[in-house]
Amino acid sequence: MAAAVRFRVVRALPMSRPAITAAATSVFCGSSHRQLHHAVIPHGKGGRSSVSGVVATVFGATGFLGRYVVNHLGRMGSQVIIPYRCDVYDIMHLRLMGDLGQLTFLEWDARDKDSIRKAVQHSNVVINLIGREWETRNFDFEDVFVNIPRAIAQASKEAGVERFIHVSHLNASMKSSSKSLRSKAVGEKEVRSVFPEAIIIRPSDIFGREDRFLNHFANYRWFLAVPLVSLGFKTVKQPVYVADVSKGIVNATKDPDAVGKTFAFTGPNRYLLFHLVKYIFGMTHRTFIPYPLPLFVYSWIGKLFGLSPFEPWTTKDKVERIHISDVMPTDLPGLEDLGVQPTPLELKSIEVLRRHRTYRWLSSEIEETKPAKTVNY
């Protein structure tokens with residue numbers, strides 16, 4: 001009798017979605033430098049549970065502007081890699097800003113090029129928001145605004161990143177009296193030399209709930225009077241709302257015409273510093289008592305505050321920076337070119353300044369305060 005033939009059924013294991021995508025890419029496109037990841041293929045109806053096609057690494061995501069950028073990216077269904085140096089408890093608020101598994105947190109060292117490469121190797125967008133208002137023993141302005149951005153841009157270029165967005169400042173200039181603004185101007189030049197297609201964002205002073213602009217002046221209530229160089233009549237400011245800056249940055253990740261351009265983000269109105277601070281105290285229902293202080297005296301006081309081992313109230317550089325008038329960007333595209341309508345200061349300032357009011361004024365309406373006087377120069 002012939003031997004019985006037995007057939008053995010072998011069950012094939014299902015392939016994961018990344019494996020299918022990688023296999024399809026290798027078949028139809030051949031071997032490539034960077035394999036196509038399923039996260040860069042947009043699908044869904046929009047929102048946090050869809051896929052926007054953006055895989056973004058956001059340096060400086062734990063800062064003031066960073067949380068808004070991460071929130072906008074997560075809201076439209078992007079994967080976000082968040083390098084951090086702080087304690088894990090300081091990034092907990094970011095975990096809720098994206099769908100399950102869409103946010104990846106990665107410890108990094110700003111001076112370790114390998115950790116930078118690891119943070120950007122899977123991204124098609126890299127956003128640099130790293131900034132600091134004062135120098136420390138570990139990082140001075142040259143490190144923060146020149147060396148680190150150059151290293152990130154270099155790693156992004158080597159990794160084949162499609163879009164690199166670098167945030168600077170509207171008044172960045174090699175001739176500025178502020179060391180931080182001079183360093184930011186050098187940083188722009190270094191980034192552009194390493195990554196010519198980089199998108200550079202130059203916002204004016206940014207205001208929002210956690211800012212160091214409106215809150216800084218409002219906190220002068222503890223000193224009973226506000227020192228201003230020339231009483232603030234020689235300084236013009238054009239502050240911009242933080243959510244507008246965030247939307248502009250996110251829109252720049254998708255705009256094909258934004259590549260290689262420099263954008264100036266400003267608010268719709270310009271104010272003399274005197275009228276702006278007067279409006280801040282009017283919103284908080286506090287008595288506004290300004291007094292003139294020479295710049296060299298104010299800078300010397302800021303230098304003394306800067307010697308504090310803790311977060312300084314002010315510094316010599318900040319005194320100089322807040323008394324520099326915002327330039328009028330006539331030749332640079334702005335928020336409108338990225339589909340964002342700038343928000344007037346008067347509409348959002350109550351969100352920032354309400355906490356500075358005394359208890360009996362907490363429920364008063366915004367209309368009770370006279371708007372700040374604007375200028376056209």
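The first residue you see is number 1, and the count goes up from there.
Positions of Cβ are set from backbone N, Cα and C atoms, glycine also.
According to Swiss-Prot, the transit peptide annotation covers 1-35. Feature annotation from Swiss-Prot assigns N6-succinyllysine to Lys175; the stated evidence is a large-scale study or a structure entry. Swiss-Prot lists Lys189, Lys370 with the feature N6-acetyllysine.
Features as recorded by Swiss-Prot, highlighted on the structure.
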{"residue": "Lys175", "record": "N6-succinyllysine", "DSSP (3 states)": "coil"}
{"residue": "Lys189", "record": "N6-acetyllysine", "DSSP (3 states)": "helix"}
{"residue": "Lys370", "record": "N6-acetyllysine", "DSSP (3 states)": "coil"}
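Between the modified residues Lys175, Lys370, Lys370 has the most other Cβ atoms inside 10 Å of its own Cβ, all protein chains included. For the pair the residue listed as 'N6-succinyllysine' and Lys189 (N6-acetyllysine), the Cα-Cα distance reads 14 Å. All protein chains considered, the CB of Lys189 (N6-acetyllysine) has 14 other CB atoms within 10 Å. In this structure, the C-alpha atom of Lys370 (N6-acetyllysine) lies 42 angstrom from that of Lys189 (N6-acetyllysine).
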